[in-house]
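Lifted from TrEMBL, the feature list:
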type: BINDING; residues: 35, 60, 61, 62, 84, 85, 110, 111, 125, 192; note: S-adenosyl-L-methionine binding site
type: DOMAIN; residues: 56-151; note: domain 'Methyltransferase'
Ligand SMILES: C[S@@+](CC[C@H](N)C(=O)[O-])C[C@H]1O[C@@H](n2cnc3c(N)ncnc32)[C@H](O)[C@@H]1O
Ligand SMILES: O=C(O)C(=O)C[C@]1(C(=O)O)C=C[C@@H](O)C=C1
């Protein structure tokens with residue numbers, strides 16, 4: 001289904017509710033520059049770091065698109081667990097897993113309080129930015145603590161620049177991208193307002209510092225387009 005969520009006047013802040021979940025795959029493909037590429041690179045580094053009988057968590061798995069792709073190319077026996085706290089997203093995820101006849105566990109859970117088992121890989125694409133800054137680093141510490149030695153955390157985020165001029169231009173560049181994806185100026189501005197104080201992005205440096213502060217020995221960018229980046233952190 002096509003994303004038309006912001007064609008009408010908004011009445012509330014952005015939420016991962018039924019209206020958003022119903023069009024979410026289209027929304028992401030049209031709102032995240034090189035979304036498919038960032039998925040592919042996430043899949044590649046997941047497979048590289050997954051051992052026999054290993055475990056992968058996808059935090060904020062939404063409709064399970066990424067886990068389904070990972071499952072398709074699995075070469076080892078592994079457990080895939082997706083966590084999300086939106087019932088509407090999980091309903092879409094379950095529908096897709098069932099349609100593909102795939103055994104992926106998707107659970108309704110708060111990623112901040114969930115008790116993680118030891119895992120090879122953690123993924124969290126475009127989700128940390130929705131976690132309150134006050135507790136974001138705590139979550140990354142929890143992830144690092146649950147990873148095996150040399151395990152990896154792959155995460156993607158919208159990023160800001162601390163150079164005011166560059167930041168303004170990055171935002172303009174991104175809005176140009178959204179226009180090429182068929183979003184009107186009105187939809188872009190409505191969504192911008194709805195995301196205010198809900199999506200709180202860090203800079204590339206702040207994300208790397210957060211990972212290094214949280215028990216990771218190394219963190220770098222795997223892919224970046226203007227204000228969107230995919231990171232890998234190694235325990
Ligand atoms: C932008 S979406 C993630 C997109 C998805 N990872 C992808 O690449 O297609 C963010 C997701 O995180 C979920 N989420 C936000 N806060 C959460 C929390 N505290 N616990 C669990 N899920 C959360 C939302 O419900 C939403 O589905
Ligand atoms: O459309 C925007 O303005 C966005 O910031 C894109 C973005 C994201 O970065 O996560 C915001 C919310 C939706 O979950 C999908 C994509």
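Yeah, the Cβs are placed from backbone N, Cα and C, and that goes for glycine too.
A sphere of 10 angstroms centred on the C-beta of residue 125 (S-adenosyl-L-methionine binding site) encloses 23 other C-beta atoms. Among the binding-site residues 35, 61, 110, no residue has its Cβ under 6 Å from any atom of ligand 2. Residue counts of the domain 'Methyltransferase' (56-151) by helix, strand and coil are 38 helix, 27 strand, 31 coil (DSSP-based). The average pLDDT the prediction assigns to the domain 'Methyltransferase' (56-151) is 97.
Within the set of binding-site residues 35, 84, 125, 84, 125 have a CB atom less than 6 Å from some atom of ligand 1. When the binding-site residues 35, 61, 84, 110 are compared by the number of other C-beta atoms lying within 10 angstroms of their own C-beta, 110 comes out lowest.
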